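Below: one structure, written as structure tokens.
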């Protein structure tokens, strides 16, 4: 029955509200144009075009994206970007606040209608006090002079005066909101475009965390200012002048007393505003640092867990958070003082005005309540003008942060010349006559930036010429400067294979970076083709399907795609994936092995069909068999007719090169293999010495033949020719999935959809919030104090009514003034108390929520990070925490302040006119229905808007990580288009969220105006003129609060979504057992060292005790271990059994994806065993605390993890070792000379990711950590894959010496690094297929290892 009634109401409402508009529950509105575009004038004025969404959201359940229409074209980012087309942010622009000034100019030029509405609103603000003045005159007139029809006319006049003012306000806010969205859109996309242009040097000051703060916080503050506050200083000033003139007309010059007080308080408010802005700026700076560290923490979470360094990073983040909170607290204190000033000034102005007026005049009803009405109207500009000044002062540092980012160094423009430009160039000579890639007299420097490339404006030519002259002068002065690459000449013949080789840190990556424009070109000339494919040493992958990562924005060519899959040897890997090539790849390829990631990058380059391929170590992470296949079928196969530049340490391929470039300490020697040998350059000696003496090449003629690992040209070529296609037994069609298969697509998903709660925010969320904010009783007391303060304030008006009528005989004005002052003082006292109580609650909640969130995420399982993109997680720490920090205090204060004001006002009106409760009940019913209609839709729109932010941040994170790849493929426009779509989606939800609010505001304001009419109407029948006027005045004052209460209640619920989203992360799955030793202080550790045994501080261990002398041997045993990633899918290790004796050095080999790295993940419990167990020294590691386990093991990971901080901090984060011990470790890994040559040595700062260090140097730095740690069990996961053979040979000696008393597991594709191992374990498809000594395995001609060795240049024979 109720359901039928609901449907009937729905049908009636749909018909009445939508009129002739078509309403279809099943229609997809996502692609439909904005209904405002085709709405008639009435619908535009009343926002009736937004009704469909309101009805759909209320009757059809939660709104979905299919219910949301498209944006108007002028609001889309593609249009709004024009706002910043002509801005000049050049470094030589000395204008102050260029961004703010530019937006003001654009606003004045583009928003004349908004300016007109602001003027109209100011004029209409005078109408209500005037109407009240004439109504009071009518009420005070004798019964003979009063006409009932005239009274009705005055009531209608009050209704019109009230509604016209608020109605014009709604239209004003709507058009201002459109401008705000345009500004937000153009700034957001400009920040993203700038991100894609950042140089390596420019990027050092910014990382995804700080840029995300710019997008989520700074841009939002700027756009909000230009929505509400941008006209405040001018509009509220003019409104105050108009109302002040009216006040002087009513009470004479006494009105100037109040004005004088306001003028006096302006400097105080300005000073407080400046303090608020200053503290906000400081807090934002620490917020950036905190977000940067959090971003770094999330990106490196796997490494941090393996190193057991979570505590280190959590402490660093908390340190920045504490500093941020320090300034947020100061800001809050100043904010409270500002609010106290505003509220107190309102009251004091009224008191002093009446005191001065009463000296020579008698306070009458007309004077008293017309003055009150004027001051009620003045209350908005009185409150908002200081707030606008304060907001402008706060905006200046925020805008400066955005300006500084937009001015940061960009990638160098005109870095290289293409072939068409070469023909007309003055340097055109035989260097590039055949279309070769070349560098002519080139000098490059990582630390220098392009001064002309920074900024986004169109600076004038004179400024640019001056900059160029200054740059030339600097270059002349720095001729003696040592560049990264100085005055080099390089040539890669067109259509040929050029191989670049050299020792670690010699400048190989810098050389190719010079070709693609990633390093600043100081001088010289670079010639490159138009289309280049570049693969980085650390692969860049998007969080999308494997297929999309290969296509990378190009159209699908099925035949070429199949050939690419075959050439890159991906077919066997794809067969093992759930959805084949449609399998979703996690962020940074977390569900792939290193070799698989490199081959996908190589496939992307190959599919692009470019003119030139630059490949930086694409063969280092694959086994010899796959490396040979890639070289034969990809580099020398499908790429054969293209120019190829290959950086590699794989010596077996060097004789096959058409051109070879040897790089040593920034110097180049180049030629064919035979030419270099004739010059005395022999690759045997290159790999046997740390540094080449290029100037004495002719003297290097003798080589140590016993260590010769290079094949002759003929042998090498034969080896490659004899290699068979290792994927020729696989039907390529089997690995290409049907993208229309919904079941397959579902299985391919790795990332989980973001949680979205439906309906109102659960009461539990509020309870949890207040529990984090001290206590629930404290909040209840705060609510009571708010109510008491507003009752006292309203009683002052009640007393004024008594005063104006002299209701108490024989009392002088002094008596009335004293009581009135008592009310005002009481109000101010309770005002201070309520604000400080609310500040304590919200500040404590903010502090504790972040602490709980950080702890929860820090201890989360790895699966959580695998299935949630980092941008989504970081969104909790940036936008959601920012909302909790900056908005909830204001919102709770507003709701309690406005809500208590409305309740007290209604109580007064019912007390004065009891009969008014009858129409009130009807209006309350209508009011409640409209409010629910609005709340259901607005809340879901806000939730969708919050969810739509995560894809923006995820794309930003991925783009920043892949800047070099995106730029080398010239895919900036594609990524900008992707970001535009995501911003438009986010703004679409904001736009319709604003529209439904304007819809409800117009209707609630009309109801408020009816309340004014009813209060005036019932006052016609009241014999007490004072009470009658008080009722009408109270109704007029309540109008502005009623709609604001509803708006702020919904806004509060929306922002509580941030709390809800944070709390959803407080209960995420944690890793196995708790981490003992984690929160113990040094004294506890010393006490425990004196004991023979210690207990785990966790109930899960059931009294299990771990011997203090655990892990003294290093024996490892895998017993029938089975490990799988996630709850579904194939196991990565299957019935895996392996026993390793103490001090054994075990080499682990197998093709990529065989399960080698899973052994390490299982050992460190990065993933738990689904079956079986792993024992170390006889103890099942599943019973050992994770921190205890991981801190006892050593690891050198495949992808080196370098975090921001000093070199010392990266090597010894807990400050356990002396300088001499650190230097010894660095000397052992051959980094001592490199580090000691740096000006600050161990205190040299390194940026996140180790910018400034080569890939090999990063690996060596990680190795130095493990050497210092001196663990009994060490895992080496491709630890030397990025290191040349000579350094690798020296490091191998170091490893053998340093870890001779350790049990070591070495995962490697370069067999020379494991040939001396005690035993070799061969893994295939998650199973142990061979396990024996290297001698025994090689002597067995049928063994897999023996065949691998043959593919690796017969290394064993040379032993």
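Backbone N, Cα and C define each Cβ position, glycine as well.
Under the heading ATP binding site, Swiss-Prot lists 502-509, 1150-1157. According to its DSSP assignment, residue 506 (ATP binding site) is coil. Of all the Cβ atoms in the protein chains shown, 24 others lie within 10 Å of the Cβ of residue 506 (ATP binding site).
Feature annotation from Swiss-Prot assigns compositional bias 'Acidic residues' to 420-433.
What Swiss-Prot lists as compositional bias 'Polar residues' is 440-450.
The compositional bias 'Low complexity' annotation in Swiss-Prot covers 459-478.
Per Swiss-Prot, the feature domain 'ABC transmembrane type-1 1' maps to 111-394.
Residues annotated as domain 'ABC transmembrane type-1 2' in Swiss-Prot: 763-1061.
For 409-478, the entry in Swiss-Prot reads region 'Disordered'.
Sequence-distant neighbours of the transmembrane segment (119-139) (same chain, 6+ residues past either end, Cβ-Cβ under 8 Å): 146, 150-151, 154-155, 157-158, 160-162, 164-165, 168-169, 172, 235, 238-239, 242-243, 246, 250, 365-366, 369-370, 373-374, 377, 380, 1016, 1019-1020, 1025, 1028-1029, 1032-1033, 1036. Feature annotation from Swiss-Prot assigns transmembrane segment to 119-139 (among others).
According to Swiss-Prot, the feature transmembrane segment maps to 147-167 (among others).
Under the heading transmembrane segment, Swiss-Prot lists 214-234 (among others), citing sequence analysis as support.
Taken from Swiss-Prot, the feature transmembrane segment applies to 244-264 (among others), supported by sequence analysis.
Per Swiss-Prot, the feature transmembrane segment maps to 332-352 (among others); the stated evidence is sequence analysis.
Listed as Cβ neighbours of the transmembrane segment (363-383) (distance under 8 Å, sequence separation of 6 or more from its ends, same chain) are residues 125-126, 128-129, 132-133, 136-137, 139-140, 235-237, 239-240, 243-244, 246-247, 250-251, 255, 258, 262, 342, 345-346, 349-350, 353-354, 357, 797, 800-801, 803-805, 813, 1025-1026, 1029-1030, 1033, 1036-1037, 1040. Taken from Swiss-Prot, the feature transmembrane segment applies to 363-383 (among others).
Sequence annotations record features per position, and here Swiss-Prot assigns transmembrane segment to 773-793 (among others) based on sequence analysis.
The feature transmembrane segment is assigned by Swiss-Prot to 819-839 (among others).
Feature annotation from Swiss-Prot assigns transmembrane segment to 884-904 (among others).
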Neighbouring C-beta atoms (10 Å sphere around the C-beta of residue 1150 (ATP binding site)): 25
Other C-beta atoms that fall within 10 angstroms of the C-beta of residue 1152 (ATP binding site): 23
Other parts of the chain folded back onto the transmembrane segment (214-234), taken as Cβ under 8 Å at six or more residues beyond its ends: 99, 103-104, 107, 114-115, 118, 173, 176-177, 179-181, 183-184, 187-188, 191-192, 284, 287, 384-385, 387-389, 391-392, 394-395, 398-399, 401-402, 405, 875, 878-879, 882, 949, 952-953, 956
Cβ neighbours of residue 504 (ATP binding site) where a neighbour is any other Cβ within 10 Å: 26
Closest-packing stretch to the transmembrane segment (332-352), where packing means Cβ pairs under 8 Å, from 244-264, 819-839, 884-904, 999-1021: 819-839
Non-local residues, at least 6 beyond the ends, that sit with Cβ under 8 Å of the transmembrane segment (884-904): 328, 332, 335, 339, 782-783, 786-787, 789-791, 794, 834-835, 838-839, 841-843, 845-846, 849-850, 1037-1038, 1041-1042, 1044-1045, 1048-1049, 1051-1052, 1055-1056, 1058-1059, 1062
Same-chain residues near the transmembrane segment (244-264), Cβ under 8 Å, at least 6 residues beyond its ends: 126, 129-130, 133, 345, 348-350, 352-353, 356-357, 361, 367, 370-371, 374-375, 378, 382
Secondary-structure category, per DSSP, in which residue 1152 (ATP binding site) falls: coil
Other C-beta atoms that fall within 10 angstroms of the C-beta of residue 1156 (ATP binding site): 29
Cβ-Cβ under 8 Å with the transmembrane segment (906-926): same-chain residues at least 6 beyond its ends: 794, 798, 1007, 1010-1011, 1014-1015, 1018-1019, 1021-1022, 1024, 1027-1028, 1030-1031, 1034-1035, 1038
